[in-house]
Amino acid sequence: MCAIEDRKVLKMGLTLVCLTLLAIHMADAVVQHRSLEDARQERQRLVHRYTKVLNKEEGAIRLVGGDNEYEGNIEVLHNGKWGAVCDDEWDSTEADIVCRQLGFPGMRRYTRSGFFGPARRRFWMDNLFCEGHEQELVDCHFEGWGENDCEPGEAAGVVCYPPENALIPMATPIIRDEDLPKYPIHSRSRLYVRLRGGRSRIEGRVEVSLDGGRWGSVCADGWSLLEANVVCRQLGLGYASEAFQTDFFGGFNVSRPVLSGSECYGNETELADCLHHDASQGIISCHGNRQHVAAVICDYIAPDLVVDYLEIEQTAHLEDRPMLLMQCAMEENCVANEAYQIQRDDPHWRYRSRRLLKFTAAAINAGNADFRPFKEKSQWEWHMCHMHFHSMEVFATFDIFNLRGIKVAQGHKASFCLEDSNCLPGVAKKYNCANYGDQGISINCSDVYLYNLDCQWVDVTDLIPGTYVLKIAINPEFKVAEMNYDNNAAICDLIYTANFARVQNCQLGRP
């Protein structure tokens, strides 16, 4: 595996890499490369990937739980111990950095909610905030090593593009979820749906039957409130209040899976309208815990948050704010990464300024049930700066995109408290952040974050003047059940100059 002419450039510890790679290749089936140069490039890529891992260097990362080396949940090495990454704020920006750090061409898809199984170890990183130029994941801003309030099911993952010169087994290849095309069930077929194993008719594991054939369960991979909403709607049971990846209602040992790769937009009439792997071919590819299946709890009541986009248009403005007055906000990761570099390197950082696009954002509950945080009260986080508990880490996101759809700036809050700021006449306020009170948004009430509050902004200090798209979304990760999510975002035109900013032509949309 290690050519003689290459030994001069090997660093300490690389022998171990070579032995490890040799074991990997001997364990694999017979492989083929297009040329000797391909083999050398493949070896160099693997060496690059595994050197930091095998030397136990701080900040090394690896993927676990996937069927291949280029997919899985992310684990990061800190103080010689591996830990997981939480999916709060996890998106394509962070996932692409992971793939590039591991030597893969780029990101194909990012995953949340323990797509490749629940976290196997403690969470080292939460609320990751990357801008896209970072070389390694540890270069991004995050809460602090081990500071989190995440459950094992909130593991972040990624599917990277495989290397161009990947090893090609001559034996039959393993079927991978990302390599399988997804289609709706054919219009001439019928997908029957039922719930089984629950304590009442509104809950249970989801079972399906194609054209009256064998009933079986649905793979839990990627199962979320979006898919669960469609099931409850199809069965006439209202809305999904919970979506589970579990064996509580019976797992694979009770009901073998007959459908995988389910992916819904959320407004489909039937589960057959969503994307799936080709059920007619009997192709089943399940990741994660092999005992867990898709399950739901339905209800006839649900909240429905709506963004008040008129308030955004009327209040948006620029402010140059000294960093001296932003210390509390900086503790909550509310400015661009450059500000933290200035804080670290410039002894006079307090007198530097940041340019902020500020606005008021209001979320109105137009549903028929209160909107409540998805985490228990005991898991809320105390924030000393604001002197109250925050119940949701990701309740709203503020993003700016260029006209090619590339994110160029983003607002970031570590967490949010939810309360009834304003209510319609005759509606009493129920929720209040003060004094460890209950948090939520009542029916016909709104939670208002005024533009003068910390973190109610996007740091645009480094933004080039021009025309952009501003997107403000609430409940963006679909972690709290709602009637629908098509009114959870305001998508607006942003005109930004050196002297002013104007937000206009806002429309309701999806996060």
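Any Cβ shown, glycine's included, is placed from N, Cα and C.
The disulfide bond annotation in TrEMBL covers C86-C150, C99-C160, C130-C140, C264-C274. The annotation domain 'SRCR' is assigned in TrEMBL to 61-161, 193-299. Marked as signal peptide by TrEMBL: 1-29.
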Cβ-Cβ distance under 8 Å to C274 (disulfide bond), same chain, at least six residues away: P184, E227, V230, S262, E263, C264, Y265, E268
Neighbouring C-beta atoms (10 Å sphere around the C-beta of C130 (disulfide bond)): 22
Least Cβ-crowded entry, counting other Cβ within 10 Å, from the disulfide-bonded residues listed as C86, C264: C264
Neighbouring C-beta atoms (10 Å sphere around the C-beta of C160 (disulfide bond)): 27
Nearest-integer angstrom distance between the alpha carbons (Cα) of C140 (disulfide bond) and C86 (disulfide bond): 14
C-alpha spacing of C130 (disulfide bond) relative to C99 (disulfide bond), in angstrom: 14
Tertiary neighbours of C150 (disulfide bond) (same chain, Cβ under 8 Å, six or more apart): C86, D87, D88, A119, F123, D126
PLDDT averaged over every residue in the domain 'SRCR' (193-299): 87
Position of peak Cβ density within 10 Å, selected from the disulfide-bonded residues C99, C140: C99
